[in-house]
Amino acid sequence: MTQMPAGDVPGMGRRQFMNLLTFGSVTGVALGALYPVVNYFIPPRAAGSGGGTSAKDELGNAVTASGWLSTHPAGDRSLVQGLKGDPTYLIVEGDDAIGSYGINAICTHLGCVVPWNSGANKFMCPCHGSQYDATGKVVRGPAPLSLALANVSVENDNVFVSQWTDTDFRTGEKPWWA
């Protein structure tokens, strides 16, 4: 096969240039539109070394153990933003200890946020009356399952929430949410 001399190589024509420009523009717009869709299906990166996400307060600020313990008494169950942005109860076990697990506040019946009733010492769903004990185990329906659990860890005074993969200590079974 012989090569053409440099002077004989045809340049890019107007039609070819317009096709290339159109293809490049359409490709750029399509990639820009697909980026959020693809990003939606990629799980968020872990914030802590334990593979969890940083717990956030109602203002979206990271929760610190020292700050939380100074404003919440022993036995308190208060909401933070946990995994996937779900409301999660942090449990204060003592004057200087946050519990090693958190309780997801989403009712397993229809998805309402279940408030903690400190007077009755249980979680009571306002939507259809489901009740859960202090550990989130269902004690009265119509909710079919106990509230989901999450691991809670403290690293350098920062509180992290991560996926619960252990056996559910309330039932002795594999967790339904894992």
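Using the three backbone atoms N, Cα and C, a Cβ is placed for every residue, glycine included.
Take the candidates Cys107, Cys112; Swiss-Prot pairs Cys127 in a disulfide bond with Cys112.
All protein chains considered, the CB of Cys127 (disulfide bond) has 14 other CB atoms within 10 Å. Excluding Cys107, His109, Cys125, His128 themselves, the residues of that chain whose CB lies within 8 A of the CB mean position for the [2Fe-2S] cluster site are, in sequence, Thr108, Leu110, Cys112, Val114, Cys127, Gly129, Ser130, Pro142, Ala143. Under DSSP, the residues of the domain 'Rieske' (71-161) split into helix, strand and coil as follows: 4 helix, 42 strand, 45 coil. A distance of 9 Å separates the Cα atom of Cys112 (disulfide bond) from that of His128 ([2Fe-2S] cluster binding site).
Annotated pair His109 ([2Fe-2S] cluster binding site) and Cys127 (disulfide bond), C-alpha to C-alpha distance, rounded: 9 Å. Note on the domain 'Rieske' (71-161): mean pLDDT across this stretch is 87.
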